[in-house]
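According to Swiss-Prot, the feature active site, cysteine persulfide intermediate maps to 374. Summarising the annotation, Swiss-Prot assigns N6-(pyridoxal phosphate)lysine to 234 and lists similarity to another entry as the type of evidence.
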């Protein structure tokens with residue numbers, strides 16, 4: 001794949017996303033500000049998937065014919081490219097159907113007595129944060145229920161960041177799970193500090209990186225986390241593909257989550273021995289074309305340069321926070337400054353329900369998310385039923401931020417001002 005870009009040539013980038021040219025039902029061109037929920041795909045990703053399907057589609061790791069060989073090569077080459085994009089080794093990556101499955105895989109293994117992640121004596125503690133997406137909370141609730149452990153969590157400060165003073169860890173803690181970027185407040189976690197605290201008590205760390213991998217340079221080896229998860233559809237890639245990263249020495253001793261074909265060494269009627277990692281964790285027919293598409297997305301972002309992506313998105317977020325903060329009656333849920341802040345910008349408007357904000361913006365062709373964003377405990381922390389959320393990607397413009405602010409003003413005039 002070739003992509004010719006000057007430093008963040010927005011015209012060239014936007015030309016790669018045909019959907020951005022769409023005129024919506026209100027007669028306005030689409031301003032897509034919902035990439036935190038799912039991102040749009042560039043033609044390079046669509047073309048990579050299509051090229052694979054029309055030329056090399058075959059069963060991976062099975063048989064000896066040419067299509068099988070080409071499919072297997074494409075699948076494993078994709079693993080190499082994706083691993084390089086996040087600062088990991090290829091044999092440390094497991095493909096799943098989404099980040100939720102990746103996090104469930106890890107939590108399931110922690111409850112398996114073949115893995116020495118927990119003691120199983122009922123005295124273990126599992127730690128997460130009040131900021132979490134349900135995908136990084138409910139699996140740990142279930143693990144605590146299954147093994148009789150206690151679930152504890154870091155609280156949240158009034159500006160939507162992890163409150164490091166709210167919890168002290170001890171040797172009973174076995175796992176600390178947290179998000180790199182909050183999908184609601186946009187707060188960036190102090191990853192190295194949390195990893196250091198976990199290591200002091202012998203706990204393992206699990207990072208939900210869904211909101212960070214598409215938006216900034218991420219080096220998982222450099223961060224020092226033990227596990228990490230992210231989804232393809234949030235980083236310009238296909239639906240139906242997620243990634244689990246695990247340190248090699250952990251992955252090599254972890255028992256499987258799902259069992260069946262493709263993940264075995266030998267099978268008898270009495271017992272089974274399993275393939276080495278990562279194949280041990282990829283039971284059944286894999287999502288080959290989606291891996292090809294996700295690898296194309298990683299190459300696309302890498303060609304632009306993740307530092308340039310991060311700088312561009314910081315400009316957009318700063319403009320959104322500043323513009324919304326100037327509106328009387330609008331409250332940002334999250335940090336007001338750009339220090340330790342990611343892409344999502346969530347807000348509420350006095351006297352106007354979030355769904356009404358979303359409807360007015362939709363009439364203007366501006367797509368945002370409204371609701372609790374799969375983070376009910378966090379919304380309860382702020383005594384809110386719902387927020388509106390704008391979230392940005394490399395293809396967004398300052399003009400689209402201006403349209404967001406104008407739409408909120410229009411909604412406030414219509415619903416909230418006498």
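Cβ atoms are placed via backbone N, Cα and C, with glycine included.
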C-alpha of residue 234 (N6-(pyridoxal phosphate)lysine) to C-alpha of residue 374 (active site, cysteine persulfide intermediate): distance in Å? 15
Have a look around residue 234 (N6-(pyridoxal phosphate)lysine) and count the other CB atoms within 10 A of its CB, chains all included. 26
Just jot down the residues in the same chain as residue 374 (active site, cysteine persulfide intermediate), at least 6 apart in sequence, with C-beta under 8 A of its C-beta; none if empty. 133, 134, 135, 183
Any idea what DSSP makes of the residue listed as 'active site, cysteine persulfide intermediate', helix, strand or coil? coil
